[in-house]
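Trainee: The [8Fe-7S] cluster binding site feature in Swiss-Prot is assigned to CYS70, CYS95, CYS153, SER188; the stated evidence is similarity to another entry.
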Amino acid sequence: MPQNPERTVDHVDLFKQPEYTELFENKRKNFEGAHPPEEVERVSEWTKSWDYREKNFAREALTVNPAKGCQPVGAMFAALGFEGTLPFVQGSQGCVAYFRTHLSRHYKEPCSAVSSSMTEDAAVFGGLNNMIEGMQVSYQLYKPKMIAVCTTCMAEVIGDDLGAFITNSKNAGSIPQDFPVPFAHTPSFVGSHITGYDNMMKGILSNLTEGKKKATSNGKINFIPGFDTYVGNNRELKRMMGVMGVDYTILSDSSDYFDSPNMGEYEMYPGGTKLEDAADSINAKATVALQAYTTPKTREYIKTQWKQETQVLRPFGVKGTDEFLTAVSELTGKAIPEELEIERGRLVDAITDSYAWIHGKKFAIYGDPDLIISITSFLLEMGAEPVHILCNNGDDTFKKEMEAILAASPFGKEAKVWIQKDLWHFRSLLFTEPVDFFIGNSYGKYLWRDTSIPMVRIGYPLFDRHHLHRYSTLGYQGGLNILNWVVNTLLDEMDRSTNITGKTDISFDLIR
């Protein structure tokens, strides 16, 4: 079909045209050596069986779609939440292009980071010269206020010593001696993106706060969001603390960086936590982490080196937000204002409106440990019944915490927690023990296609939908958003399953 410049056909419609369908069929028949359709269908059906599930869960040396990213992604994300900070990755350009692209495709925003451009020679002899030259170019060309260094597999395998390399770069005159260059070793072959976040956060805080301890507290509360990719959450946190009159510092605030306005002029480093505020965080009254499993090393460092009180509070749903606000009130002496109590009432009222559609519904969820705990806890409040909980980057500590939450609810008795399993395992679970809906990131759309189970997109990354990252998921307002996504996904599916005229449309109701 010839294209008309007045109406260009996009790929969705273009590849449905007869010439393309014929092309694809000939390609399969003459060049791919494909199995007959009947055999493909037979094997496909077998992969949905209990027999295949047992074989699937017995595999040891293969991972299929792991539902996690590698350490440098988390390290870059943590660094970009600080004012004027340029992530510098000691490794190859291809790896850094992946990290940047992964974040850019989620946020639909540019993501600035540089690479030391290590190639074959650096893989053998080390990347010292790459760093010396890269530091000079980065400092002079991009004019950052801080450069945060992390590593890829190549640099870790050869054993690059970041601390020594940075010192040599300063001695060589690439950057000033007093210029802040925190670093973190982030090997991609261990841990995940949440490990990289923790390593970089500890590296940045230890660098900026060195020698800044004072005899008296500044009276502030530090908040560490963790690997939380919803920019609306930091804004909601700031709004709630503003309403309470709490003096605070968010350690790594990337909300303006990944949701910057289009004002007609390019700004390379929008927003971020002020470096002087981060440096003074050592003198705060307490530090509250909103995620536990993205901050273990950072919290241990703050507790032992800063001698500062640390807490983990997850302000999700009614109960979680209640506990968070109560704890902040006790730490600061500030009362919880009526405005937030009214918001709580709105969430309770909304739950009452939608409760009947969620209560008793079985669901499955995969994602990062803290996200799973927060979302599952909120859904348990509404009587939803988890069946499959899968966390590839979860550990035994997470499993015990999650199982304790499930055991404390009458709706969590049938759930099973799977750690260090991937999305191909999740597929077997959905086929052998179906649920009413499942929750996950964009990679779950292939499971939605295979199983026809309704999917609620919550998590990271969200590549195939726009603007979801702008919403909040924490606090009472965030609870409304989660409730909205879940209940309306269920109602959409109800309409789809009752839309056949004269057969199922007796329940195709106008009012739900």
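Placed from the backbone N, Cα and C atoms, the Cβ positions cover glycine too.
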Trainee: Need the DSSP three-state call for CYS70 ([8Fe-7S] cluster binding site) to compare against my parser.
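Mentor: It is coil.
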Trainee: Taking the center of the Cβ atoms of CYS70, CYS95, CYS153, SER188 at the recorded [8Fe-7S] cluster site, which other residues in this chain have a Cβ no more than 8 Å from that point?
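Mentor: Going along the sequence, the neighbours come out as GLN71, PRO72, GLY91, THR152, THR186, PRO187, PHE189.
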Trainee: Which ones in the same chain are close to CYS70 ([8Fe-7S] cluster binding site), with CB under 8 Å and 6+ residues apart in sequence?
Mentor: THR186, SER188, SER192, HIS193, GLY196
Trainee: So how many other Cβ atoms are close to SER188 ([8Fe-7S] cluster binding site), meaning within 10 Å of its Cβ?
Mentor: 22
Trainee: If I restrict to non-local contacts, at least six residues apart, and a C-beta distance under 8 angstroms, what lies near CYS95 ([8Fe-7S] cluster binding site) in its own chain?
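Mentor: PRO72, VAL89, SER115, THR152, CYS153, MET154, SER188 - these are the non-local Cβ neighbours of CYS95 ([8Fe-7S] cluster binding site), listed in sequence order.
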